[in-house]
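Q: Following this message is one structure expressed as structure tokens.
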Amino acid sequence: MKKCLIALVLVAAPLPALADKLDDLKEQGYVRIAIGNEPPYTAVASDGKVSGAAPDVARAVFERLGIKDLEASIAEYGAMIPSLQAGRVDAITAGLFMKPERCQAVAYSEPILCDAEALLLPKGNPKGFKSYADIANDPAAKLGAPGGGTEEKLALDAGVPRDRLIVVPDPQSGLKMVQDGRIDAYSLPVLSLNDLLKKSGDANLEVFAPVEGAPVYCDGAAFNKKDTALRDAFDVELAKLKESGEFASIVEPYGFSAQAAMSTTRDQLCAAQ
Amino acid sequence: MGDWAGYLTLILQGAWVTVKLTLMGSALALVVAFLAGLGRISHHAPIRWLSTAYIEFFRGTSIFVQLFWIYFVLPMTGAELTPMQAGVMALGLNVGAYGAEVVRGAILAVPRGQHEACIAVNLTRWQRLRHVILPQALPLMLPTFCNNAIELLKATSVVSLISLSDMTFQAQVVRSQTGSTLMPFVTILVLYFAMSSAISFGMRRIERRVTRGLDGVR
Amino acid sequence: MEWDWDFAWSIMPTLLAGFRITLIATFLGAIVAAVLGLVFAILRRSSNRWLSRGTSFVVEFIRGTPLLVQLYFIFYVLPDLGLRLPALMAGVIGMGLHYATYAAEVYRGGIESVPRGQWEAARATNLTTRQTWLHVILPQAVPPMIPAMANYLLAMFKETPLLSAITVLELMNQAKSVANSSYRYVEPMTLVGVMFLIVSLLSVIALRWLERRYGRVSQ
């Protein structure tokens, strides 16, 4: 049975490239996007409406492209690129930061949201963690990070061993695990941790930012490699959005710097090591 | 906590997805269970092998693996399934494999004499099954089917891992947005329990109907 | 998208490390389930009505709600009440508690399968309670329980991937983490499936043997 399925996969391999994705989406009237469950990148209001910096920018751009609706589905970071490749979603707008190996896997738009990395720690940072290397050097320290996220990769690269790097499914769980002392630090982008800490109102925790030695990353809307035409159309409208100042008025209330995104390019970010 | 009533609505929307998954999954499981269960006692060897392979495969690999396969790998072959279809398919095929063994067991539990009597009075295979065997086997299957339906309900929580917005998933969303852990989880625990109680209650009603008139026989 | 043997081989050590945790969790969970199940079964037989009814309700509640949610509850809510368990232990206790409710049913079925006459005969020959249980009831009640218990052991084994939701690095979690960094789902997920299938098929053979050896308890 299993063998049959594998054979099936091999035979039926690449899907025929759709003639014009943009026209299809226009006709369909909505675009399916993957988002994280991580304010302020993404927020879900009590009525179920999706907002947050990433979906708001995507909504504005797709509207200009003639696609009125977003159908957002929340996914873990690790599941996003496979979802895109499996055709489950048309784009990822989730704060999925551009890194060279991700640029290999998906077609990114120009930069949208930029943020540095941070650590959520007990008040006063008792163990004095300032970088991922500090955590790697303390044999008792445990670090939490989202599975498949940038932080996980940075921590592994800094030498934090797999068994001390806990894969945390969502920010709320990360917060809880720091509060409960299950992990010594939880790493996410600065704005996410600020939002998380503010919402929890916990005076016994603090955010250390930026993590030393970790670069500032920018995300972009990520498309399937075969949808570069859609990506190019997205880029054109995104550029107009940035020029008109509307971009800044969308992302700045969430705390993101529009200037940071406008002063760099996809080519730079994808080439960076 | 803020807008708790609003977030409760979100959880209730998830509850509706859970109910739909359970109903559709059970329907698929029932059909598959009878097909594979009857297939296992078929006279044709290839049908028997196929049924056995299906049952052992779906009982043997964990439902999580099946779910991830159907969700992430099947689409690459060109089979386009919505997350809902993928969820129903995984749940139905998985629980159906367990149900098939129940069907087979119940049919084999009908005394041999009944089969022989049917042959003696010249009933066709279909008549035998429809009028003699199944009416006696069905009451034997029902209690286990009830358990299987509850297992299926519980298994729906797993689809939250492929980001289908069922009740468990919505509870996670509410948890992220409100920062409260206790409330969403307690709420869904109670809701799940209410649903499984409803299933047992409904199944007992059906059981009473089906066994009516069989009391003298058994 | 195609199957890459080199990649599949390269991730084997990682997956096997996860498989080890899966086996440990199953084994420990089974012990918890066997012991707690006995406790539930005894409490349910209690002559104190409140105790037996209370136990019945708890058992029904645990059986009627998903293990995944129970695990979330144990892992994320209990620390608020002052009980902080390491991830693996939380998982073992969660699985053990869940399957204890199934084990309790098996115990009950096994004990009830001993004919009434045996109890009466034991009393007639003036055996003490201890003697009755040790020499009459248990030797007859235990063998038919064994296949049913083994069945639930296998079921529990297949539910261990749930532990990935509370950060235990078992087989499924290792596979996901491999998938996350390589963006390849096919090889890790297939290998996980194959590992589960191998264990299950071996178990099914063992189970058939147990059933032949000890017969089946009708539940």
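Yeah, the Cβs are placed from backbone N, Cα and C, and that goes for glycine too.
This is the feature table in TrEMBL:
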DOMAIN    B:15-200  domain 'ABC transmembrane type-1'
TRANSMEM  B:15-36  transmembrane segment
TRANSMEM  B:57-74  transmembrane segment
TRANSMEM  B:182-202  transmembrane segment
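A description of the local structural setting of each listed feature is requested, covering burial, neighbours and distances.
A: Away from its own ends, the transmembrane segment (B:15-36) comes close to residues 51, 54-55, 84, 87-89, 91-100, 102-103, 145, 148-149, 152-153, 156-157, 159, 164-168, 188, 191-192, 195, 199 of its chain (Cβ-Cβ under 8 Å, at least six residues beyond either end).
Under 8 Å from some Cβ of the transmembrane segment (B:57-74) lie the Cβ atoms of residues 81, 83, 86-87, 89-91, 93-94, 96-98, 101, 155, 158-159, 161-162, all in the same chain and six or more residues away from its ends.
Long-range contacts of the transmembrane segment (B:182-202) within its own chain (CB-CB distance under 8 A, at least 6 residues past either end) are made by residues 1, 4, 7-8, 11, 14-15, 18-19, 22, 146, 149-150, 153-154, 157, 167-168, 170-172, 174-175.
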